Amino acid sequence: MNYILIGRIFSVLACILMVVIGYIRHKRTVLLAQNVQLILFTISYAFLGGMAAVVSNIVSLIRNLICLKWNLNTPLKIFFIGFQGVFTYFTTQNTWVDWLPFLAATALTVTLSSKKDLVIKLGCIGSTLCFGLYDFNLRNWLVFAFDVFTFVSSWIGVYRILYSSRHTDH
């Protein structure tokens, strides 16, 4: 079995989960599901040669595990953003495309400490946009299509959060 096929299989599994995560409203559930997604995508990108994404996903997985256990405070955010920046610098070719996964992780890292599900969901949307550009540039069309589906499902998630908060307030 060739590496590209193996990478695509893991991509499809991660992508299906990624679209489902777009509908989820609550931070803890998003983080748990995203951890599985990050593992699947790490395996996928390792087979497909997307080292910047492998780096980003590993650091994001560690960040999520810490965020599930403790509050993601400012020093931790700075640590993860800085660590990922240094790791990206030393493990990639430093093209603008290589920095898209870093930007994706940063968008999520900055918003994860919020108590508001809406803010976290908007961070997820920013992250999806960055990975959409990354997958487009890798010509990873299947995953790019799922990035688009996730973008749409995430906006549905935003609507669900806003709709839920409107009906809870009255």
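Using the three backbone atoms N, Cα and C, a Cβ is placed for every residue, glycine included.
Any TrEMBL annotation is an automated prediction that lacks curation.
Annotation source TrEMBL lists transmembrane segment at 6-24 (among others). Cβ atoms under 8 Å from those of the transmembrane segment (6-24) belong to residues 30, 33-34, 36-37, 40-41, 43-48, 124, 128, 140, 142-143, 146-147, 149-154, 156-157, 160 of the same chain, restricted to positions at least 6 beyond its ends.
Annotation source TrEMBL lists transmembrane segment at 36-58 (among others).
Positions annotated as transmembrane segment by TrEMBL: 78-97 (among others).
Per TrEMBL, transmembrane segment is recorded for 142-162 (among others).
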Non-local residues, at least 6 beyond the ends, that sit with Cβ under 8 Å of the transmembrane segment (36-58): 3-4, 6-11, 13-14, 17-18, 21, 64, 84, 87-88, 91-92, 97-102, 104-105, 131, 134, 138, 140, 143
